[in-house]
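Down below is the structure, laid out as structure tokens.
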């Protein structure tokens, strides 16, 4: 999604979003072609600006407390295809072109554990790329 | 998803979930057939118990501060098809059979506002059922 969104327009968009008391909003990432939900993370206003203006998805890392340009270290970045805001403005859905895997475990999606009808938690997705490779820095 | 999950098994499942300081976890609902993300809401331990044991999706309403058996008032309920936990246990993805519409505005999905490349927010989905009909109590 090539964007031409200037800072003034961004202010209008941000006014539609309800951030929580930490200044964050949950952002769901869904593969735009395959349709699978690959992850959920958090954005602050700066992450939304970076996402919309660069066309690459950027989150806010709550653990590291910094902007998290997805894929900057691992190479597994997400191109923005569509940016959606929900009815009450407190959740974002980004449709993305996922390069490689979304999960830090090396799986395509973070949602790889499923509860079956008996309550057993089963892994339904294998590791595509080893985490060592993902974060080798090469 | 017909479940036979007793309370002891439930404790094991809940141990895999990281609730926030309010005892809540975000839960994304995705239509299991069409693949569209229809809403995001919050669950507490009791909502998860109700969801898994009844097979119908139940959230925690942060505004009303009570259990929210989705569709109890509107009839637009969600049958549970699959219950997924993400890698770090702090987000749930429920795959559902959505009866009618998910959004209180009468749209199929809560994510009906899209930011285009110029930054204009556009409604990309029409109202299927009028909110007056949804909440008429009939």
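Cβ from N, Cα, C; glycine included.
TrEMBL entries are annotated by machine, without manual review.
Site annotation for Zn(2+) in TrEMBL covers B:87, B:103, and the matching candidate from B:58, B:110 is B:110. When Cβ neighbours within 10 Å are tallied across all protein chains shown, the highest count among the binding-site residues B:86, B:88, B:90 belongs to B:86. Taking each of the binding-site residues B:87, B:110 in turn and counting other Cβ atoms within 10 Å of its Cβ gives the largest count for B:110.
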